[in-house]
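Among the features that TrEMBL reports, domain 'P-type ATPase N-terminal' is placed at A:51-103. Taken from TrEMBL, the feature transmembrane segment covers A:79-97, A:103-121, A:299-324, A:344-367, A:537-557, A:1094-1116, A:1123-1142, A:1154-1176, A:1196-1215. TrEMBL lists A:415, A:417, A:954, A:958 with the feature Mg(2+) binding site. Marked as active site, 4-aspartylphosphate intermediate by TrEMBL: A:415. Annotation source TrEMBL lists ATP binding site at A:415, A:416, A:417, A:644, A:686, A:710, A:752, A:832, A:833, A:834, A:928, A:934, A:957, A:958. Residues annotated as domain 'P-type ATPase C-terminal' in TrEMBL: A:980-1224. Feature annotation from TrEMBL assigns region 'Disordered' to A:1250-1276. The compositional bias 'Low complexity' feature in TrEMBL is assigned to A:1263-1275.
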């Protein structure tokens, strides 16, 4: 406890009172924090904030003292461990013991010790990292020294003032009070927290820090009132109460989170509100996920069978003992006098038998499985094929115990955006005021970019020429900008592409000629017309540039990020600070260019820029301001959603360059070169209920308030008021319907659509609205809803400007992957928030749908039609199914269903019919679904069909689905890390799923399944030796094998081979598994580990144990053999049988296999010889001295061993041989493929695939089948009921996920 | 920034091991491949089987029951009356020369020396000559640890207590004369038992070491005076004691009593009539046990045992048959597939 030091002079009563007080303070909903500075040096007991946790973190579970009790306590949560400890204790009861009591403790102790060792090592690593983190330096303000002093993270207390400098990691949750930025902004990067690499702005709490004097912590005498710590990274409620009772509201936008990195800001000062374990990042830090795999669930049933078997055998022993005792006449000299009755003795014998035969329940199985899974995970994460060059990330396994589930997947539920597609948005076309601009050149460019890079250069040159001639009409200005940009992107595109949104693909847009003409016309006319009214074309692009939350940054900022640690010291030096001070004085744009010059460190970028500058100079510098030219070349846009970035880049292509964005200001340069500075009055951030976002700005020229809104088409369309400029012609009034028409055609092409609208707000309306808005922002309770309500109030009577179509390009190898998964017998479903048209198009593009497929389109408005449609389709599908039995070439069936219909189909009375229909479909596309529906679908299929499900997604809206599925796979893509955080496995590309499932999934499953079967077999085979002996010793629980050797047998001689088998064995090579995806089907459904295989192996174990016992028995019958001489060959035979049995099962022998197998045999002989040579009286009463040695000198021993082993293994061996010859399994055929040399094999696979009619792999677009007609179910038709439904589909228009809590988390 | 030059920190190592591409031998068990193996194993086993069978057939065994349950038996009187030192005799005839060296065993049936509690009931440290265990025998020995007066029993425990105490003398009847066949009682126990595991306490005379101890309850003589004829064959190193203490694995067992290696009988027991004089002490009738004596000569494979030879022959033949089956399977299933 932190109060430990004060204990000496405080009465216990005071301590208790203090503790209670602290408890109450921590529990309270609101916390009042004050500065620590007035109390500095008073000792911890006097600090006002002493009740809140300090910044020291401790993630370790144990300490040196508590390790043993806590670890034991945890281990005893496992039923198996309790069972074995119970047995060991039972052995201490004299009437039932089977062994020397102490020896019986050994196995359980070894298991516990090994597990404890593993835990201790893990904990030690946590301790080390904690210590490193706690000792990280940071600067805290000290009143005594009147400056910030260097301290450690662990010294930070709630109520301290902490200064963070550029590239430093924030040590605790800080309320931002002051920033070096003149606008009171601090940029942070939350990559450590959620993996998002774009910069986020945080603003200081207004009114506390004045630029001219800087921030003086000592003068801070306000009270910070904040909510109780919670784990919500996107939400924070707080206000600062000044001494004059003025309350300043603050939210997440003023909170610097622990673990974030400060970027682009020289320094910032914050007030510690939460520290240590109460920080949001720590509260979010949950350990690795623990799930129970299907195999393990089945395994537990088999363990239960083993328990039954054990009880049966013990019962036999017990009854046998009773009969034996009853049959005895008189008192034989070998029977020690016993006061117990026969029945009591046999009752006791039951427990003795349990002790004797305990290893029938495989004690080390659970530990072995854990070890095997660690090994398997090691190989998965080390697979180079699952490594993504672009993001430099390898595969992550977040759940450690469901590797084998990957080999049993029946259904994959995939998100579309970011999962099947890149989520790298490319501007394709737009429609302004009802006129469509197809951007043909841009489309050509994109098509070209798909070609290999070698051709890229030529085409660039070629196209540049044509572009230049094509634009001769336009001012030279645009051309020059374009030329220089291309030359740069060419180089950069080849050199690197690891930074999001920076590839030429996304940043470059070739303007549509007609549109350019329109703009120049509009601009000149607006200049002439005194700019009283903005032209809609200009407005459209201004909206694109303004209406977003894109942060403008420069190339230098990016580079600094790439090399954080090495350069952080440089930015701290006084020279830098001085130069920054100088910069502050200079103008904004100039400051930027200075920094570029002083800080550029990367020669490559330098040269690139120089080249580009040269180009620019070469062509034309003309009438543009020089500073702006340099600025625009180095501008990078960091957006939280890729759509926004694409739109901003598109606007830039037309000359509307977003130059800078601060919370209160947006600077845009028009094509004319004029820079407009818009004052941002408010930003109505995106939320998934409204599905739109707006920015309210004051136009610098007209001085009127303008609201620019962009959002999903149906979210905008319903808000349209009067058409734009009612005095215009009748034709113009149909803009909305024309635009809607264009939107539908965009969707059909697979483009993502957004509508852009504006509204001019009168000053009065704005003022009255502002009052509401302010009160909403200051609210503590229901703040979210209130703020949203104000947004809805404002977004009315919008005027439609136009719409955009953005292409989300398909990820590399997606069609290939989906085809492979389909061949592997996996049903792939797509659950998306997009329109059905878009989804169907993507479906064809990824070859989820084929041309000849029968496509069922379900889109119903009410439940009655839905029911009838379901019944009707079901009828038809059933008919198809019957036909399918006769003809092979019948088309397969696919279902497209929209979210509204899905809601009805998921209702309890229809869900069975829906499942029935869905299971007959090869693929199902669910469109316009909410995150909740996604998870409902997954759960429904998982529970109704009893299948293994896998959900894959990349965004926050997929989290529900990922958690609902048996296996959740997150794609670490463009949309942050929420999906990855919730997932069991994280990959970076969709195509990795192929190898992950087909190869690693298959391997992990077959390995583990075979290993477990073998493990059961092994224990039964060995223990039964003892059981058979009971028939010859009056069921008295005698063991003919020395107990130490028995323990060693299980712990050492035969423990590593199965583990090795589970980690290394490779039945079929990766190439064949990828080439012949059908092999995956072996794991699906019941798989290789099923009832039959389990019992066959148990029966085999019984047979083998009979052989291992009775061959030596008959060989030694009627001789003068003693007990342990009799047991030695049995033990040896068992070892050989068990190991050779494994050898039959091992599919490929690598050097590791040989070492471990031979090592095990060697160890057995070595240890047994050694033990027999030294143990004279060490282990009474069994006395193994020299027995093994004398046996090894006896030829009979070898003869017995040889024949027993051969007889024991002959049936299994013969069975394998005959089965392999007569009806080879698909896997065996796969192995035979492996033995061919690679070229023949490839040819064979290719021929075989061709034979099956897989096709050449080209992506076909739909032609024959009828795609859903866009005119029939335009969203507008059923929009009202749709929106009332409270389950507004959420997905891909998540423009601003992070600044507001997205509802998917709840 | 330049990818080619920068070493990606997170890139997995591209080694054969981490990529699971280690060179491997991938045997596929199929008919064609295993035929030679089956033939080879079959022939080898048949060879071994023939050898074993011939060896076992040459071993002579003479086994005689002397429990005395039948009225005709001479030992019937002793079996019924249970008098001490009851003497009875067993006459038998050997038709051909019983080749030497002849091993003479006594055998017990239905005798569970492998009973768990019985087997535990001994004190190896005491038998190792540890004097502290003389005073305080191990608790394992219960209930044969101390006598009713609380005096420690040496050697303690049920195994020692139940030591077999019949003695035998063999006479050859030559022309009405009884010639004593000399027995060799040395080296019948395991060398390691005699030299390592069992030790007499180093007290001279041996008797003194046993002061304040009592002999096992069933015993008539103390352990230090088991053999009057040979003082060195006393104490824990008594050969019969050592043999008994090595517990038999199965309820029907034999234990080596003496060997016939000396004098006229060095080459074996010649054909003729013999009388075995038995000092009948050990009660077996009350637990339905039987006692017997066994004469046997031994080979490299120990005593007579036909099982192993037959097993080898059967399995060997089976393997040969299997190889035929495999051949058929191979011909039927392999060739069409290749086309």
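Glycine too: its Cβ is placed from the backbone N, Cα and C atoms.
Heads up, TrEMBL stuff is auto-annotated, nobody curated it.
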The domain 'P-type ATPase N-terminal' (A:51-103) - residue tally per DSSP class, helix then strand then coil: 24 helix, 0 strand, 29 coil
Highest-contact recorded stretch vs the transmembrane segment (A:103-121), from A:79-97, A:1123-1142, A:1154-1176, A:1196-1215, CB pairs under 8 Å: A:79-97
Long-range environment of the transmembrane segment (A:79-97) - Cβ separation under 8 angstroms, sequence gap at least 6: 104-105, 107-108, 111-112, 303, 340, 348-349, 351-352, 354-355, 358, 361, 363, 366
Pairwise CA distance, residue A:957 (ATP binding site) versus residue A:417 (Mg(2+) binding site), rounded so that it is a whole Å: 11
Cβ atoms near residue A:833 (ATP binding site) (within 10 Å, other residues, all chains): 30
Region pair the transmembrane segment (A:1196-1215) / the transmembrane segment (A:1123-1142), three or more CB pairs under 8 Å: yes
Other parts of the chain folded back onto the transmembrane segment (A:299-324), taken as Cβ under 8 Å at six or more residues beyond its ends: 80, 342-343, 345-347, 349-354, 357-358, 360-362, 365, 369, 1012, 1016, 1019-1020, 1027, 1030-1031, 1034-1037, 1089, 1094, 1098
Recorded ATP binding residues, A:415, A:416, A:417, A:644, A:686, A:710, A:752, A:832, A:833, A:834, A:928, A:934, A:957, A:958 - maximal Cα separation rounded to whole Å: 26
Cα-proximity to residue A:417 (Mg(2+) binding site), 10 Å cut-off, over binding-site residues A:686, A:833, A:928: A:833
Sparsest-packed of the listed binding-site residues (A:415, A:954) - C-beta count within 10 angstroms: A:415
Residue numbers, six or more beyond the limits of the transmembrane segment (A:1154-1176), whose CB comes under 8 Å of its CB atoms: 1042, 1044-1045, 1048-1049, 1052-1054, 1056-1057, 1060, 1131-1132, 1135-1136, 1139, 1142-1143, 1183-1189, 1192
Intrachain neighbours beyond the transmembrane segment (A:1094-1116), with Cβ under 8 angstroms and 6 or more residues off its ends: 302, 305, 309, 1013-1014, 1016-1018, 1020-1025, 1027-1029, 1032, 1126, 1129-1130, 1133-1134, 1137, 1141, 1196, 1200, 1203-1204, 1207-1209, 1211-1212
Residue numbers, six or more beyond the limits of the transmembrane segment (A:344-367), whose CB comes under 8 Å of its CB atoms: 78, 80, 83-84, 87, 90-91, 93, 95-99, 104, 107-108, 111, 114-115, 299, 303, 306-307, 309-310, 313-315, 317-319, 321-322, 325, 338, 1012, 1015-1016, 1018-1020, 1022-1023, 1026-1027, 1030, 1035-1037, 1039, 1050-1051, 1055
Inter-residue C-alpha distance, residue A:752 (ATP binding site) and residue A:954 (Mg(2+) binding site) (nearest angstrom): 17
Integer Cα-Cα distance in angstrom, residue A:954 (Mg(2+) binding site) to residue A:833 (ATP binding site): 13
Candidate with sparsest Cβ neighbourhood (10 Å radius) among A:752, A:928, the listed binding-site residues: A:752
Protein Cβ atoms within 10 Å of residue A:686 (ATP binding site), excluding its own: 28
Cβ neighbours of residue A:417 (Mg(2+) binding site) where a neighbour is any other Cβ within 10 Å: 30
Reduced DSSP assignment, residue A:686 (ATP binding site): strand
For residue A:957 (ATP binding site), the number of other Cβ atoms found within 10 Å of its own Cβ: 31
